[in-house]
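S.K.: These came from Swiss-Prot, pasted as-is:
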type	residues	note
SITE	Arg17	site 'Transition state stabilizer'
SITE	Lys24	site 'Transition state stabilizer'
SITE	Arg150	site 'Positions MEP for the nucleophilic attack'
SITE	Lys206	site 'Positions MEP for the nucleophilic attack'
Amino acid sequence: MARSIIAVLPAAGVGSRMQADKPKQYLTLLGKTLLEHTLDVMLSYPAVSKIILAVSKDDPYISTLSLDPKIQLVEGGTTRAESVLNGLNVIAEKNAWVLVHDAARPCLQHADIDKLLAIEDKQGAILAIPVTDTIKRADNQQCIVKTEDRSQLWQAMTPQFFPVDILRDALSTGIQQGANITDEASAIELAGFRPHLVAGRSDNLKVTRPEDLALAEFYLTRNKL
């Protein structure tokens, strides 16, 4: 049976580090919100059959957007893990795999999705890039304790790609155990799996701080040329 590919975008966060007057996914670049740019990437990828968008219950902005019929809204949770799980819980398709992607990563390119979808191992896979900067471990006073060996360190990105049933079980268990789930792979790891690392592009940045906006605008402009 051919697997179906569904995208889940958790978009219920407030993005406090952006210091903006609205959640960062609703900031505007090149005439569209960050969220719309990100949705466009998934909507234009032929293999994605549906997009599930998890938004805050009292989100005042989502109703102002013109959403494609392929997009299904679900109520987000208080954490990323809960929002993603809420999205997974409405998926009824058999043999479905899910691409979980940050709403504030608008510069994703289809070639990187291609590489993820080439993975058929049920351990799953995530986009990531090898760490190139020197990494320091700090103490509580923000002083350097040691320099870490970066030779086997990777920076996790999204999309992260897993069978729906495996990710659903892993997130449910992790949440029940009170685990620190910072991305989907961390829940999968706790369940005993070893997801593949797929080398992605460094321009697939997550807009987190004000200075990221100009860089995202540059990449989006370049990608449209």
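Cβ atoms here come from the backbone N, Cα and C positions, even for glycine.
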S.K.: Hey, what's the Cβ neighbour count for Arg150 (site 'Positions MEP for the nucleophilic attack') at 10 Å?
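M.R.: Taking all protein chains shown, Arg150 (site 'Positions MEP for the nucleophilic attack') has 13 Cβ neighbours within 10 Å.
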S.K.: Go through Lys24, Lys206, our recorded sites, and report the one whose Cβ sees the most other Cβ atoms within 10 Å.
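M.R.: Of Lys24, Lys206, the one with the most crowded Cβ is Lys24.
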S.K.: Measuring Cα to Cα, how many Å separate Lys24 (site 'Transition state stabilizer') from Arg150 (site 'Positions MEP for the nucleophilic attack')?
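M.R.: Taking the Cα atoms only, Lys24 (site 'Transition state stabilizer') lies 31 Å from Arg150 (site 'Positions MEP for the nucleophilic attack').
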S.K.: What whole-number Å value do you get for the CA-CA distance of Lys206 (site 'Positions MEP for the nucleophilic attack') and Arg150 (site 'Positions MEP for the nucleophilic attack')?
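M.R.: So the Cα of Arg150 (site 'Positions MEP for the nucleophilic attack') lies 21 Å away from that of Lys206 (site 'Positions MEP for the nucleophilic attack').
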